[in-house]
Number of protein chains: 4
Amino acid sequence: MHGIGPPLVTPFTEDGDVDDAALRDLVGWVEARGVDFLVPCGSNSEAELMTADERARVVETVVDEASVPVLAGTGHPGRRETLQQTERAADAGADAALVITPFYYHHTHDALEAYYESVADESPLPVYLYSVPAYTDVALDPELVGRLSTHGNVHGMKDSSGSIDAFVRSKRATAEEDFDLLVGSGGVLAPALDAGGAGGVLALANVAPEAAAEVFRLHRAGDDDAARALNAELVELNRAVTAEYSVPGLKAAMRARGAPAGHVRSPHQPVGAETREELESLVDRLETLVSGF
Amino acid sequence: MHGIGPPLVTPFTEDGDVDDAALRDLVGWVEARGVDFLVPCGSNSEAELMTADERARVVETVVDEASVPVLAGTGHPGRRETLQQTERAADAGADAALVITPFYYHHTHDALEAYYESVADESPLPVYLYSVPAYTDVALDPELVGRLSTHGNVHGMKDSSGSIDAFVRSKRATAEEDFDLLVGSGGVLAPALDAGGAGGVLALANVAPEAAAEVFRLHRAGDDDAARALNAELVELNRAVTAEYSVPGLKAAMRARGAPAGHVRSPHQPVGAETREELESLVDRLETLVSGF
Amino acid sequence: MHGIGPPLVTPFTEDGDVDDAALRDLVGWVEARGVDFLVPCGSNSEAELMTADERARVVETVVDEASVPVLAGTGHPGRRETLQQTERAADAGADAALVITPFYYHHTHDALEAYYESVADESPLPVYLYSVPAYTDVALDPELVGRLSTHGNVHGMKDSSGSIDAFVRSKRATAEEDFDLLVGSGGVLAPALDAGGAGGVLALANVAPEAAAEVFRLHRAGDDDAARALNAELVELNRAVTAEYSVPGLKAAMRARGAPAGHVRSPHQPVGAETREELESLVDRLETLVSGF
Amino acid sequence: MHGIGPPLVTPFTEDGDVDDAALRDLVGWVEARGVDFLVPCGSNSEAELMTADERARVVETVVDEASVPVLAGTGHPGRRETLQQTERAADAGADAALVITPFYYHHTHDALEAYYESVADESPLPVYLYSVPAYTDVALDPELVGRLSTHGNVHGMKDSSGSIDAFVRSKRATAEEDFDLLVGSGGVLAPALDAGGAGGVLALANVAPEAAAEVFRLHRAGDDDAARALNAELVELNRAVTAEYSVPGLKAAMRARGAPAGHVRSPHQPVGAETREELESLVDRLETLVSGF
């Protein structure tokens, strides 16, 4: 996986059902704006609020609609369900599996290593590690990432720690392997590319896919300064749709852009009027920005 | 729910399957030691490592085998799956549902309140709140507990915060209601009963059911001092099977007692030899203690 | 040290100077309400906002005015200043030194053990350990407390963790020694006394000294139930003057009672009008309560 | 302040006294290796383990010996001592004051803003904000940094959060002002310079001053790629002397290079043999690296 892959939100109807039609529209909406691959059932998808069947169907729908590769989120706190979901993603035609560090229970680094090795041994799909301490309270150590990268079926990682220092260390620890190091924080896309990152899986790419894609394009064209300057224009919006207002903020911002984001699912609550206005103002600035591309 | 209810571990075979026969044996083993109710699919059950179907079957098996009331863990990060699991528990004949605070995503107290009200509105079973910040990073505020206790279908709470201060405040906030305040930390069972607690749902009650039941019996008989003195004898074992070594430690200690605890499931790893010896020594002390009842 | 010892606030003038006269008045105010000892320069004193000289003078003033024993806070992140302040407290006539776990830098448990041994070796005053994780992010482990209790110059501990489980374990770990285990959380005074605590060093005892003293008196008289019932009446006020509004809330509540609390020192800011009203309402309830003693 | 400024360690004798001669040697040692300014009494100096007098003398010594500007750490949990230390630093001839966010007590962002404004109003030296959440548990918000940057006596900031995302946002929030944004994490020096940073105040610059200076020089010369590549070679050493082994590790690594680092002060303990060997190996790699400049 290279370039920009949005961790797709899942549009829900007002009643809380998965809105398949809107999901298909969303695939088209982001593809039309230049993304390189798609990531259904990541954290931004509210996957943890869906049943296993719903998650499998979301992957199926996205694979069916997509014209770019699909990296499907299949991780779960337990190994068995992780493998089941990975098999269903493989059956649906996904290209690779994004496997989050097992959460809820606390595990040692040794247990995490054994877990990933065992999952990679049996997974029918190439495995991408996924480290997102804001949700799981655990960050994969670069040394551990280095050891896991030598497994033939571990192909990369999404690092959502936000730490460029850790990103650089993971890059060094995996330098001998063919390993796609993807960044999961839109605020540091350009620095991560500077550090040898293969691309980004960014909440931001749901609401501003063309802008994220442009940062990647500028970087690949060798214009690092322009890539960083454009990325800097996106940091306030990025923060608002992640740390500040989370998925409800992301979906509100997407709706402000006209994207088929749908509703949130309980326990998520829609953002209030004041937050929505703040997001709309950030989206207005974004529209001005992307109109210049 | 009053008295002592063990949050039953789930025995797995060496291959990681749910061991139904051992689970039935376990129900008999704890019931023979005087517990008052059973709690399948709580945190100690490794519920988060099971599929929804497996969890539903565990509840069915326990209900089928039990001769005491069953409080079934049915909570999930999302409302939809929580309600599905609650319905399945109701169909199986469980008496009430234990609903953990939704985890993974971070929610405001307002969102938590809306969530519990909405779950309680639709739940076919009486709802018990479940607050376990060690796993979820969120503690239910006593004021919020007070407001939720006025809902006709919210019947109680398991408080695993370990804080007697919070327990007392929750007791005061719910004093007008018929509300079973259960403590979830074996180290503070006696102080929680002193504070008006209805009982305890304790990992400790998996390995030392007769000891936990004796603390409760002594307290109900008015001998608070003896209850506290006995509880004090259990604090090191309690810590070892919870904060220190977690579920793998709990299962190892149970096996040392001859209880049908079974294996852990991945990503959990069995404890090492040194830890097992420490646990065996604590169990030896327990055997001496309970032989005196 | 036995019974109730208020960790005295330090009254500051509007200009931020230590108000010696008010401090002397405060000593009289709390002594008149039945406290057993005094604790100047604890966390509630804003000691960390004072210079070393100011802290030494506060101890001198309190010792000079007191007619009960004085446990002086002398701890500092570094060993050298801790010993200097302890010597000054000894020169002033304090009876013992309260030594907080060294904060700011992160230390291993081995380093903490070496630190306390070295301080106790040289301290001219008996040393009381002080564990307050809300401020320092580190809690003294009961096993470590047990080892330190065997040092001839370590006489006790103030445990402000709020955990009765840890309190019971520390009590057991120090059972062979003459060791005063004092609780630092007003919400769990009665349970701590039930667990064998020697008394309490409580922010609450600044604003409600007679109520804290009455909990202790009831407990010593063997009426545990009445002690707990009275303690339960104090939990909301206690929370308001600690976790909720901290020292500015404590001083505002004291002023509402007519106690000579003085102003806070920068960076502390006075509480706003809404908080002040909430505190006044809690103090009104307290006045009703204590009028019944 | 521009370029590289080492937050100087304070050499202590084996007895724990400040070793003035070694401190003077250290100033010479780092200046000979090309640093641009000096920072006595930052976190790496063990300032929190020194008395106020010792800290003032350390600043005096460094100013007296230095031939480059001096940014003196003068912050304290309380405003009064912060101002006293700032005045002493001004008297000694320091060029600016580095003022850490007040720690120990927890303050709201409003209280932090009022504190910094009040300190800047009265400070005889230009004030640099200092945010180091690893020690203080609070990070200065970029919006707050932006507001404070408009104060005439606030000239810059040391950001040791490690977050390039926050660094970029602070850069944007202070873009209208003459404001030196310095990075405090050696692992992200190059990305911080890419983001418009004025330089770095880096523990790493105590042990590898010439390497940090070379990263800065390469960047200023327009060779961003070489700057980043060199920075990447330093990340493992940087981590070892900061998050991994802290000040004791830093001093051990410096001694391995032959720098006059001296001993640590209690409660710090020297690193063990295994850690020392790991550090020596990292220093060997560093020597090879710098021999190529």
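For all residues, glycine too, the Cβ spot is worked out from N, Cα and C.
The feature active site, proton donor/acceptor is assigned by TrEMBL to B:Tyr130. Annotation source TrEMBL lists active site, schiff-base intermediate with substrate at B:Lys158. What TrEMBL lists as pyruvate binding site is B:Val201.
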Integer Cα-Cα distance in angstrom, B:Val201 (pyruvate binding site) to B:Lys158 (active site, schiff-base intermediate with substrate): 7
Helix, strand or coil at B:Lys158 (active site, schiff-base intermediate with substrate) [DSSP, three-state]: strand
Count of other CB atoms lying within 10 Å of the CB belonging to the residue listed as 'pyruvate binding site': 30
C-beta crowding around B:Tyr130 (active site, proton donor/acceptor), within 10 angstroms: 29
Neighbourhood of the residue listed as 'active site, schiff-base intermediate with substrate', C-beta criterion under 8 angstroms, separation at least six: B:Gly42, B:Leu98, B:Tyr128, B:Leu129, B:Tyr130, B:Ser131, B:Val132, B:Leu182, B:Val183, B:Gly184, B:Val201
